[in-house]
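Student: Starting off with a structure, shown below.
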Amino acid sequence: MELLFSICLGVMIACGVYLMLRGRTFPVILGLTLLGYAVNMFLFVSGRLHTNLPAVISPERAQYADPLPQALVLTAIVIGFAMVAFVVVLALRASGELGSDHVDGRKENES
Amino acid sequence: MNHLIVAPLLLPLLMGAIIVLAVNRSMALHRTLGLISSLLVTLITGALLYQAATGPIQMYVLGDWSPPFGIIMVLDRLSAMMIFITSLLAFLCLLYAVKGTDEQGKNFHALFQFQLLGINGAFLTGDIFNLFVFFEIMLLASYGLVLHGGGARRTKAGMHYVMLNLVGSSVFLIGVGILYGLLGSLNMADMAVRLAHAPSDNAALLQAGGLILFGVFALKAALLPLYFWLPNAYGFTSAPVAALFAVMTKVGVYVILRVYTLIFGDHAGVAANVLEPWLLPVALVTLVAGSIGVVASRDLRQTIAYMVVASVGTLLAVIGTFGVDAIAAAIVYLPHTTFMTAAMFLIADMIRQQRLDAGAALTPDRPVGQERLLGLLFLGAAVAIGGLPPLSGFTAKVTMLMGVQSHAAAPWIWSLVLIGGLLGLIALGRAGSVIFWKTIPLDDSGVDAFSKEPHANIPRYSAGYVFPVLILLAISPLLVLFGGPLSDFGYAVAAQISQPVYYIEAVLGSDAVAALMSAGGR
């Protein structure tokens, strides 16, 4: 499972970084979102991967999954969601004000 | 438990929320609430600074979840000084903003209070994930403030700023995830103790985690490969916001100083002093790049923005030696550079509004309306920033150069700081002569410039408009007059930071210190 998880994370990060390096705002925002997802998954596994364990302490079991990373991920998801919402609005406004959806505000023919 | 510690966070939070609710009420109400809150926070942080300077490290346990489990606020001398500088600067910037800048958008005062909350929180928190949360509060408010007033240039600079910081937040989480996965704690004092006992198998990952965090802090502090967002974002935003942001790069400096002395200090076992080979060279190169930018800028506000970069380079180069004397000297320089850059941003804005065509661009134009007033203000700020004798720039730089003299890299630091200072002086001298001397004469020299046609619509500054700038400038001679106590305080701060056992004992008690010692630390 560890191998599968790390391959998924790696692919997500690679796609996110690739999209982030594009010139238009829409792929960049997609890239930021993808990177955010990958980071949230990474943060989640900082409590290690377990199967069949209670999420919080249970009297019948000796072991339990670390609840703290779950709380951290929840915080990170909320913050990341707000940030993406903000950057989408900003990108819309920028394309209105600069007349282009390029991150540097360039026109079509300048590329 | 001293409840005053949490007041610099709760007050702006509450006031910001009230201002949001009153969004459609008059601007006068927003201004009154914002000013009252900022003034109160300044007074409270002043009291906290006095407590911290004379007493031990204090801790505020949120929700009474005792450390290392809950989130804590820690007031030591360094954080007390930083929240006082922030609050005082915010109050003065707000005094300037209420003269008209805040009318360009409805939510200026609410965002300003949330900004104050975020910065103060980042300085006070003792928990590394909570630091992330306060960073995000600070950044989200700053995104709004950077874009305040609108315009194509602001939007473009703002977009770069927002996207870079979003990437920075993701990287911060990766660093925190690595460290939590290996250490199992997020409380900074507890992390320090656990790191001291960390097995050497994890050395590479622990060091990588520490250096990934440095990448994020370097973005906040605007160190070399990561400063390109700053000149446009600071140069094109509204003046009071740029002036307040003079303290935002210092958040990065503070966090570097805190994390790499407390968690990754001498006692950190396998990851001890992980930053020491990196910080000094990176900071020196930043100083060089910033100084070149200062000379190359064609716009007064951008010149000052590059001065922020150069000052961060200077500050971190001195801190990068990690000596007690050097840190003490950096503590003396920090308030000086923050307040003087802020003053310069405000003065540049006053100059810009009174120039008819050129604005803040460094091209000849007709003389400004109030030549004597603006000329004197500019001269005062330039002397202070440039580091000329009577004002605080000189004493602060001498203190820093003396502080690093025993370090092996001292010749590099001395020569680069001095050359950087010279380039800054040249740039300021050139800017001053273009703005005030190389002017295109008005058609006929008359008694009052304001009654003439081209000047008829420009603002004329009253005493109330100049007042916050004068206060900011007056801080400079005060820093010289009280140089003795300030330097003593700098040593007291440095002594506290360079011995993290005080911090750990205040947070976790003496058992934790014993555990730290047993790991073979100092």
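In case you wondered, yes, glycine gets a Cβ from its N, Cα and C as well.
The following feature annotations were taken from TrEMBL:
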DOMAIN    B:127-422  domain 'NADH:quinone oxidoreductase/Mrp antiporter transmembrane'
TRANSMEM  B:32-53  transmembrane segment
TRANSMEM  B:74-98  transmembrane segment
TRANSMEM  B:128-149  transmembrane segment
TRANSMEM  B:161-183  transmembrane segment
TRANSMEM  B:203-229  transmembrane segment
TRANSMEM  B:241-263  transmembrane segment
TRANSMEM  B:278-297  transmembrane segment
TRANSMEM  B:304-324  transmembrane segment
TRANSMEM  B:330-352  transmembrane segment
TRANSMEM  B:373-392  transmembrane segment
TRANSMEM  B:412-437  transmembrane segment
TRANSMEM  B:458-482  transmembrane segment
Student: Select the range from B:128-149, B:161-183, B:241-263, B:278-297, B:458-482 that forms the most Cβ-Cβ pairs under 8 Å with the transmembrane segment (B:203-229).
Tutor: B:161-183
Student: Near the transmembrane segment (B:161-183), which residues from the same chain, at least 6 beyond its ends, have a CB less than 8 A from one of its CBs?
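Tutor: Distant contacts of the transmembrane segment (B:161-183): 128-129, 132, 135-136, 139, 143, 146, 191, 194-195, 198, 202, 205-206, 208-210, 212-213, 215-216, 219-220, 226, 229, 233.
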Student: Residues sitting near the transmembrane segment (B:330-352): Cβ under 8 Å, six or more positions beyond its termini, same chain?
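Tutor: Residues 78, 81, 85, 89, 92-93, 96, 234, 238-240, 242-244, 246-247, 250, 253, 300-301, 304, 307-308, 311, 314-315, 318-319, 359-360, 368, 374, 377-378, 381-382, 384-385, 392-393, 395-397, 399-400, 403, 435, 461, 465-466, 468-469, 472-473, 475-476, 479, 483, 486-487, 489-490, 493-494.
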